[in-house]
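Taking it in order: structure first as structure tokens, then the write-up.
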């Protein structure tokens, strides 16, 4: 151990050239075989620079390097606009969100009474509904009662004159409203 200290005295700077007796840090002199293996070793050690491997460079392909004409731009924009409008129309109409909770299904009357709950199945064409489902729930109860009375009057004009039937229609409507909104 004293021999190693004598060859490198304390406080003296070493020269820039590596010493021959420090073979463990001199990996450049190691015989790795051909140049390819040496490059692989350098790459694995993190010392080698990556070379271009021949893969496609972004923006350097002739199929993607052409520019669209004005007509193509207009056509693409029109298609995107129509798709956007279709999705917004279906979202705002609430056609796909008609369920009110678990186990709830709309009552469909086929015997000619119509929808007492005020659900318009006549407007199932492609035009969007002017009100969203949230807006229709915010209507006052008196307005809904009036609309139910008008529906009953239009469907059964002879029965509306009887006050007992009118009260029954109101109570039926209130019951349907309570069932559909309270889950």
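Just so it is clear, glycine is given a Cβ too, placed from its N, Cα and C backbone atoms.
Feature annotation from Swiss-Prot assigns region 'Disordered' to 1-183.
Summarising the annotation, Swiss-Prot assigns SUMO2 cross-link to 13 (among others). Following the DSSP three-state reduction, the secondary structure of residue 13 (SUMO2 cross-link) is coil. The C-beta environment of residue 13 (SUMO2 cross-link), restricted to residues of the same chain at least 6 apart in sequence and closer than 8 Å, is empty.
Sequence-distant neighbours of residue 15 (phosphoserine): no residue of the same chain at least 6 apart has a C-beta under 8 Å from its C-beta. The phosphoserine annotation in Swiss-Prot covers 15 (among others).
If you look up Swiss-Prot, you'll see 17 (among others) marked as phosphoserine, on the strength of similarity to another entry.
The compositional bias 'Basic and acidic residues' annotation in Swiss-Prot covers 48-78 (among others).
Annotation source Swiss-Prot lists SUMO2 cross-link at 62 (among others), citing similarity to another entry.
Annotation comment: Swiss-Prot describes 63 (among others) as phosphoserine, evidence class similarity to another entry.
Neighbours of residue 75 (SUMO2 cross-link), defined as other CB atoms within 10 A of its CB across all chains, total 12. DSSP classifies residue 75 (SUMO2 cross-link) as helix under the three-state reduction. Per Swiss-Prot, the feature SUMO2 cross-link maps to 75 (among others).
Positions annotated as phosphoserine by Swiss-Prot, on the basis of similarity to another entry: 87 (among others). The secondary structure of residue 87 (phosphoserine), as reduced to three states from DSSP, is helical. Other Cβ atoms within 10 Å of the Cβ of residue 87 (phosphoserine) number 10 in total over all chains.
Under the heading compositional bias 'Acidic residues', Swiss-Prot lists 106-149.
The annotation phosphoserine is assigned in Swiss-Prot to 127 (among others) on the grounds of similarity to another entry.
Taken from Swiss-Prot, the feature phosphoserine applies to 147 (among others), supported by similarity to another entry.
Under the heading compositional bias 'Basic and acidic residues', Swiss-Prot lists 153-171 (among others).
Feature annotation from Swiss-Prot assigns N6-acetyllysine to 174 (among others).
Swiss-Prot lists 179 (among others) with the feature N6-acetyllysine.
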